[in-house]
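Quick look at what TrEMBL lists:
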type	residues	note
DOMAIN	A:95-303	domain 'ABC transmembrane type-1'
TRANSMEM	A:12-31	transmembrane segment
TRANSMEM	A:97-121	transmembrane segment
TRANSMEM	A:133-156	transmembrane segment
TRANSMEM	A:176-199	transmembrane segment
TRANSMEM	A:238-260	transmembrane segment
TRANSMEM	A:280-302	transmembrane segment
């Protein structure tokens, strides 16, 4: 078990190194443009070259990357070109904001999707059609539109919650809940649509299996057959979909963050990219990849625990 | 007969089926109209999409030359709307074709050549690790916001899904007979991949295309909403952002692009769904756990017996919507403690009859007529709750395939305990003790150990003993065993039959033994009902039927056993009944 986790973590680290290397190489052709932007009207071929030398961007790419990596493994991700703040602190802070929204959304997604998916699969008929229609609509409406309509109804019209801005959980839990209310709902609709379809599909397959009939012939109550047995067997694939939705949300929250002026991970990445703030871009890549590695490992461990055949501990 | 024979027929009917599906026709028409509108856009408007004029800033809809009005830069909203269609269509084309090109070719090669697959897997899981939208943003310095370059990268990001889809299909289809045949006949690998494998996997890939296009359009508008890309590229996203800024003064500016974007994605998804239905058949209906609809009781003096089935008919809906009977008018009866063999070949309706008695038929099955009485009590109209009580205590069931009838996620003990508690309302501790005693009774050497095992840790024979233990746990008056030995090794078969016979004597149960095997019947049954094509063709005592089979079909079944000196365990060939009928004439 420990060996398995260690092996997966090591392969995750290798993956992180690969991803940052590829990102770095993809960014390399735009170094001149970035330096030029930074110099603004003072940019001449001479000043650009001078600036590049000053920033160390004129060195061979391999040297630059190894230099960055050797600092990164010691936890030093450098400083922003523009603000001078340490990258690690800045990224951690913005990631915290996004995670506080995304994690709440994920928890609600699980509750709502399992309820709807199980209901649709076990009741069938009209309930099933209604859930399928809801799920399709959730896929269709760009969450941008949902966000704007919600802002209009809840914040502008009835003034129940603030329209934009963000209060951190540590500062004031009540205000935090208010400030993430609309963003969470806007993100929730799309992720519920995806997960509900998955839960419904797997539950329908599970409920057709022989062991379900067997349990029914023993007089086991329907509730236990559906919720204890079929749902447990359907949980694995649903969990995998949930992990995909988490990864998608890391970047996908960007649009919501922009609409609501929330200083999150996505909008921070966006601003840094527009400016060409390479240390921050690299830092964001590192954090994103490590998060994905941790999430995938967690999903594998939970799936292993759910499925006795794949159990590794 | 060739494996490819049905394919052309299916392809021809695909277009036909799509044309008959109103959803497909509507979605496709909307898409087509939108695309054409985008193409002929310049003809419909008097201003170019980037032509701005100070006079027309926020012009009202209907202003001459500005049908939908002007936006905050004084550009014609209609012209920009129509030009945005083209941007979306180009995005969809680029994103989809890159994803398909990379995904399908890698999937074909990776699925066909085992040696290459490892590398391909690694590469695509690497791509999947990039959080999509975030990567597009991180690479802004590289793409400079150009939507075409962005869509090329997005296409690569979409490719792992296509790769996995193709790879799975290819691995599945690679060992099919028609591919083998092509290989044997000397076709080269690339040619086989192109001609045969690609042909077989096209269905799901076509369906995926609709969704890839939708995703590309969504991401392109999302990025342009954020202000990525030059202002001279008209896009729904940019228009929505502009309209959002004017939400309070000119709400319509926000509505037009949202509506158009919504319509495009909606028709793509609906068309994709219709394609899926047409290519793969409609999605499976969910299981309804609800009682079979009650039947009027047959009146008159009903025959007595523990179990009386009269004129039972079961039908399933066909794809065309009619009902097709699989059991038509079956009558049988069983006295307490008696053993009845229900014999017939596969597909004769034996198992359906058994499921009807237990009331566990699949949801789509319809009991069209008849009566099933246990101890004089009609069970076809019983509420599910009452039926459940009956199932736990009076009727029990032993299945054909032991492994699939155990829940893989729970231990053997858990499942026995749950059944015992449901049927007899025992405490956890009592149920555990009884379960262990039962495991010992059915001949399991180490009950404690087996109790703690998961189904995949025990053998098929053990699993069948466990299921028998679960069935007899509540001392039922009727045990229905559906081919209880068919899936087992020959050596275990006899032991299981002995166990059933012993338990039957011990508990005084009636046994309804469903089988196709006369050897088993001869071994254990008092009476026999022979079933064929949904009907009982002959009923009698075991001795009578063996000595003087009245129906030619019974004779034929018996010949299969007696002529060969060995007990057949597979069903007789399906063509034989036809001969038997000819003889009869």
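For all residues, glycine too, the Cβ spot is worked out from N, Cα and C.
Whatever TrEMBL says is automated annotation, not expert-curated.
Bear in mind that the values here come from a model prediction, so they are computed numbers and not experimental data.
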Stretch of maximal Cβ-Cβ contact with the transmembrane segment (A:238-260) [cut-off: under 8 Å; candidates A:133-156, A:176-199, A:280-302]: A:176-199
Contact between the transmembrane segment (A:176-199) and the transmembrane segment (A:12-31) (3 or more Cβ pairs under 8 Å, separation 6+): no
Chain residues in Cβ proximity to the transmembrane segment (A:133-156) (below 8 Å; excluding those fewer than six residues from its ends, i.e. six or more beyond): 116, 162-164, 181-183, 185-187, 189-190, 192-194, 196-197, 200, 252, 255-256, 259-260
Same-chain residues near the transmembrane segment (A:280-302), Cβ under 8 Å, at least 6 residues beyond its ends: 5, 8-9, 12-13, 15-16, 19-20, 23-24, 27, 68, 72, 77-78, 80-81, 87-88, 90-92, 95, 239-240, 242-243, 246-247, 250-251, 265, 268-269, 272-273, 312
